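See below for the structure under consideration.
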Amino acid sequence: MLLHLGAVKGGLGALMLRRVCLLSRHAHSYSQSVEHQPIKKVMVANRGEIAIRVFRACTELGIRTVAVYSEQDTGQMHRQKADEAYLIGKGLPPVSAYLHIPDIIRVAKENNVDAIHPGYGFLSERSDFAQACADAGVRFIGPSPEVVRKMGDKVEARALAIQAGVPVVPGTDGPITSLKEAEDFAKTYDFPIIFKAAYGGGGRGMRVVRNYEELEENYNRAYSEALAAFGNGALFVEKFIDKPRHIEVQILGDKYGNVIHLYERDCSIQRRHQKVVEIAPAAHLDPHLRDRLTKDSVNLAKQVGYENAGTVEFLVDKNGKHYFIEVNSRLQVEHTVTEEITDVDLVHAQLRICEGRSLPELGLKQDKIRINGSAIQCRVTTEDPARGFQPDTGRLEVFRSGEGMGIRLDSASAFQGALISPHYDSLLVKVISSGKDLPTAATKMNRALAEFRIRGVKTNIPFLQNVLSNHQFLYGTVDTQFIDENADLFHLKPVQNRAQKLLHYLGHLMVNGPATPIPVKAKPSDTDPVIPTVPIGEPPLGFRDVLLKEGPEGFARAVRQHKGLLLMDTTFRDAHQSLLATRVRTHDLKKIAPFVAHNFNNLFSLENWGGATFDVAMRFLWECPWRRLQELRALMPNVPFQMLLRGANAVGYTNYPDNAVFKFCEVAKENGMDVFRVFDSLNYLPNMLLGMEAAGSAGGVVEAAISYTGDVSDPMRQKYSLEYYTQLAEELVKAGTHILAIKDMAGLLKPEASKILIGTLRDRFPEVPIHVHTHDTAGAGVAAMLACAEAGADIIDVAVDSMAGMTSQPSMGAVVACTKGTELDTGISLEKVFDYSEYWEVARGLYAPFDCTATMKSGNADVYENEIPGGQYTNLHFQAHSMGLGNKFKEVKKAYAEANKILGDLIKVTPSSKIVGDLAQFMVQNSLTREKVEERADELSFPLSVVEFLQGHIGIPHGGFPEAFRSKVELEKGKTLHIKALALGDLNKAGQREVFFELNGQLRSVLVKDTQAMKEMHFHPKALKDVIGQVGAPMPGKVVEVKVKQGQKVEKGQPLCVLSAMKMETVVNSPMDGIIVKLHVNPDSTLEGDDLIMEITAEQ
């Protein structure tokens, strides 16, 4: 109906100008005998910080205050700040409650309210609300209903501006009623264009359209947003001015025709047309332009008889030309910066003007208004800049604000324990700084923001800090494309959040209990190796030819169907890592590569890259690891290459950004890598899934590797039980691994354990190839690997004889000989193994200074006790000698076992094995026993690797962190946390319990999921991120529209549904081509982040 009326009005464009002329003719017909009518009680028909701002002003003037609140706002601070508070809109949706005019008027009448302040947003620019107040005998703190109507109708306001001689942007004469009208406008004025809500602002219902393809969708979204935010979806269209400055002028008018301006604000720093940072006055603004802007603003206000506070908004293009946008007939969110530079309390002025006082009476004369310094306002919101400013919701577990000289805070919901809902605006607190100039104000603001501590929800503070440090912001001019054109603003400094993470961990232990019980000088040889004879011509076909022809899935099938035992040769990497500290040069690898290609074409793969290859090649050998890969691939085109990928760590020792891991795998595949053995040092599934997805996306063979420790054949050792490994394998197979691997880094797999583990996995996963990796430290490697093969393993790892044994892999020759003529026959010539071994026996002498036999003469079965990984065993032995502890290596090994217990019995693979080794050597150096370490944990300066592990840098270990030890460790020099557990709360509807602590003398609490209770409760399923067809909610919110049906065919990028959160709408698009197989939502469904929306399968 409103759209229809808008169309009628728009259609009477010829009459409109006449009407405007009549309005302006009578604009100065003011009564000069207005009586002063003191206000005794004020209601604020709004919520949050603006309500509190008005309440404070009223209290200062001795006026009683009344708050209204929706059912969803019962816990909001604004109702507690008022003298009286009343519920409105019972049973209505959250926003609708604050738009329900009859209920608001009823509460005002019943409670003898003299005047209503509308705040901003909601009903603040609704003329029918202003009229309803007048009809009920309640004063409206703002312009008259007629002026609100004229200014609120942007089309009419535009006509008035034209009449007043104020420049305007080309636009439609009235609200548009159809998509065709928008198309016609675009044909006339060309793109880009912009849709704007006809009856409200704040960026709601505002959409920029840059081409025809975007037109329809943006029209629909703008209409829907405007309807939801203002109760009226009417839109009008304007030509979009590219990269303008957004300048607005603050005005004040009284009932006697007096109008003044309070200078301008620069609101150019915007995101999605919503202001983020505001500045007063505008930096580097030409004085003549300032005069034109303020003069036009005052003239327009006088022409319409403007009363009370308002803002005239302009766009200023690159040539300094200004264009009128609109008048906001209300107080603005950013009014604070004007107050700071003019020392005028705008809310005081609003109240007094409403009482009938004139501007001169209030001491507000134009010649008295001066600019004093500079002010900045930052809107701290619960939005995540790293995820496209998606709104975040939840509970504020910690809130500590920044304060001090030159800082003002306007807030409402910013307190510890506050619930941030998806129903309203994401504004948390407005931070205002003032100083003698812009750089000074920015310095104060930066300092204040750095003092904030907000935990429980994401905020935009790191982004705001980047803005404030930007040179263009501080010393130049900014336009509305500032954010879009400064990508470095999104290089966000991560929040440490150490204490809260620790509280969450302790809380999890208190609610769910611990996952496991707490446990009371050689020279290089002068002889060069002789290269065995290599046949002329191309090497024979190998498994890589199968891979290239059949792809990863076909390759995996071929491996599984292969008769006999397949071998992976580690000589090109892990063997020389374990024995020669990874020092073998590409030169020596290239010399033997053609022989391997011709004589070992039936190898499953050759491990030659990844892991320590990178840091040793670049730090010590001064080689390019990528060139090594390229050159070896050219020499061995028929044998698949395999590398180690440390999950989210790639080939490093810390977590990398997801896109870096994906790009690494993509480039590795392009340069010749085939099989990616993906593992995580803690078997931390999220890290593994990332690596698997990256390798799979690159087109590689995904081999998910479970790191093995413990002893599945020992019933007394149950932390890493058979069930643990089978459950983890289940998750990896479910995630789509092509090959399942067991990575026994310490060589702990005994023959009996091998039969149990591999036999169980083979029974559980009959179609999946199984690959086993071990080290021969104890000397039982061949026996264990043969047991694995007999139990169903398809592939085992070996090294050529002269590079095998001790901390390397089992002997290739031994395995080939033992299986010859059996069902497990490898098909490899033993004579060729001897030739291969002879080369490496001589080549090994070239690296004598790095050979482990310089300090270590044999392996040792005590590895079953200390569980030191093969490569690390060699390194620790060498390090112990280099540190003067060579005669104490036995103590180092014993300390390694004790350190492992202190840290909670870890899976020991790089980098977790390094952490245990660092702690062990620390203990030996300082003559510390396990008991002394645990007793004195709060005073010892532990190795950085240990501290970072306890901080969660490499993930969460199976069974959790060792809580008794971790709670005492100093997380940072000079940063000691004193924590006392206080109480455990009852179960809530979300399956959580509130756990209360005293942290450094202050009360803190965290919400922890009760895993046992949640098994009996129903929750909306979550989308699995590694499953492409599962579409999850990108943010918490409400489903506004579902645009597809079950069984419907969709294309990649096609809109699937629309979510609304904090009054902003987001379109969820299809991640792939396919068919909708299941919908999990309906319109009006309320979702949390990552809740499953729908499932899509690829079309067959």
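Yeah, the Cβs are placed from backbone N, Cα and C, and that goes for glycine too.
What you are looking at is a predicted structure, and each value in this text was computed from that prediction instead of being measured.
Features reported for this protein in TrEMBL:
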{"type": "DOMAIN", "residues": "38-488", "note": "domain 'Biotin carboxylation'"}
{"type": "BINDING", "residues": "Lys154, Glu238, His273", "note": "ATP binding site"}
{"type": "DOMAIN", "residues": "158-355", "note": "domain 'ATP-grasp'"}
{"type": "ACT_SITE", "residues": "Arg330", "note": "active site"}
{"type": "DOMAIN", "residues": "565-834", "note": "domain 'Pyruvate carboxyltransferase'"}
{"type": "BINDING", "residues": "Asp574, Lys743, His773, His775", "note": "Mn(2+) binding site"}
{"type": "BINDING", "residues": "Arg646, Thr910", "note": "substrate binding site"}
{"type": "MOD_RES", "residues": "Lys743", "note": "N6-carboxylysine"}
{"type": "DOMAIN", "residues": "1028-1097", "note": "domain 'Lipoyl-binding'"}
{"type": "MOD_RES", "residues": "Lys1063", "note": "N6-biotinyllysine"}
Distance, Lys154 (ATP binding site) to Asp574 (Mn(2+) binding site) (CA atoms, angstrom): 72
Residues within 8 Å of the Lys154, Glu238, His273 Cβ centre (excluding the ATP site residues themselves): Gly171, Ile194, Phe195, Lys196, Ala197, Met206, Phe236, Ile325, Glu326
Residue pair His773 (Mn(2+) binding site), His273 (ATP binding site) - Cα distance, angstrom, rounded: 57
Secondary structure content of the domain 'Lipoyl-binding' (1028-1097), with strand meaning DSSP E or B: 0 helix, 39 strand, 31 coil
Euclidean distance between Cα atoms of Thr910 (substrate binding site) and His775 (Mn(2+) binding site), Å: 15
C-alpha spacing of Arg330 (active site) relative to Lys154 (ATP binding site), in angstrom: 14
Cα separation, the residue listed as 'active site' to Thr910 (substrate binding site) (Å, whole number): 62
Reported mean pLDDT - the domain 'Pyruvate carboxyltransferase' (565-834): 93
When distances run from the Cα of Glu238 (ATP binding site) to each of the recorded positions Arg330, Arg646, Lys743, the nearest one: Arg330
Length of the line joining the Cα atoms of the residue listed as 'active site' and His273 (ATP binding site), in Å: 19
Additional residues around Mn(2+), ordered along the sequence, whose Cβ is within 8 Å of the centroid of Asp574, Lys743, His773, His775: Thr570, Asp744, Met745, Thr774, Asp797, Gln809, Gly870
Sparsest Cβ surroundings (other CB atoms within 10 Å) among the binding-site residues His273, Arg646, His773, His775: His273
Whole-number Å value for how far Arg646 (substrate binding site) lies from His273 (ATP binding site) (Cα to Cα): 42
Inter-residue C-alpha distance, Lys743 (Mn(2+) binding site) and Arg646 (substrate binding site) (nearest angstrom): 12
Site of maximum Cβ density within 10 Å, from binding-site residues Glu238, Asp574: Asp574
Entry from the recorded positions list Lys154, Arg330, Lys743 having the most other CB atoms no farther than 10 A: Arg330
